[in-house]
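For 17-158, the entry in TrEMBL reads domain 'RNase H type-1'. Annotation source TrEMBL lists Mg(2+) 1 binding site at ASP26, GLU64, ASP86. Look at TrEMBL and you will find ASP26, ASP150 tagged as Mg(2+) 2 binding site. Taken from TrEMBL, the feature region 'Disordered' applies to 138-164.
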Amino acid sequence: MSDATAAAGPETGGEKTVTVVDIYTDGACSGNPGPGGWGAILRYGTVEKELCGGEPGTTNNRMELMAAIQALEALKRPVKVRLHTDSQYVKDGITKWIHGWKARGWQTADKKPVKNAELWKRLEAAKKPHEIEFHWVRGHAGHPENERADELARKGLKEARQRG
């Protein structure tokens, strides 16, 4: 297969063959709220696919979530994923907080509606077929893939601003 979304070939892991896709995501916003963009890189071995998009009126947290959602939704079959994000909000939300939110009917501990609940539900559905490790990386610290994901997010922001 010819692109990363197809997760095209095996990576050897012990006795069995495991397909591993690395995903790097970022979100950007000009004003919060304001126009925003998201970017993602999907990498399988030497094959890469870049994705980006944006919205004219959004928040940075929504764009961080959309980057992860769009990347996972682009995968064509179940794979092992290492998702790298500079958003503690995304990492902690999907690995820790979501369990309590669901148990409380999508309310926070202080009984307020969870912000961006529809995106958290979409992210949870997008991750379901995959085995995912979430990794936090420091933003704007020279990590090449995070810097590229940031460039893609800013491209999505620019396009959203032009559509306005």
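These residue numbers are counts, starting from 1, taken along the chain as shown.
Glycine is treated like the rest: Cβ placed from N, Cα and C.
Rounded to a whole number, the distance between the Cα atoms of ASP150 (Mg(2+) 2 binding site) and ASP86 (Mg(2+) 1 binding site) is 10 Å. Neighbour counts were taken at the CB atom with a 10 A radius for the binding-site residues ASP26, ASP86, ASP150; the maximum falls on ASP26.
It is 10 Å from the Cα atom of GLU64 (Mg(2+) 1 binding site) to that of ASP150 (Mg(2+) 2 binding site).
Of all Cβ atoms in the protein chains displayed, 28 besides its own lie within 10 Å of the Cβ of GLU64 (Mg(2+) 1 binding site). Distance between Cα atoms for ASP26 (Mg(2+) 1 binding site) and ASP150 (Mg(2+) 2 binding site): 5 Å, as a whole number. Across the region 'Disordered' (138-164), DSSP helix (H, G, I), strand (E, B) and coil residues number 20 helix, 0 strand, 7 coil.
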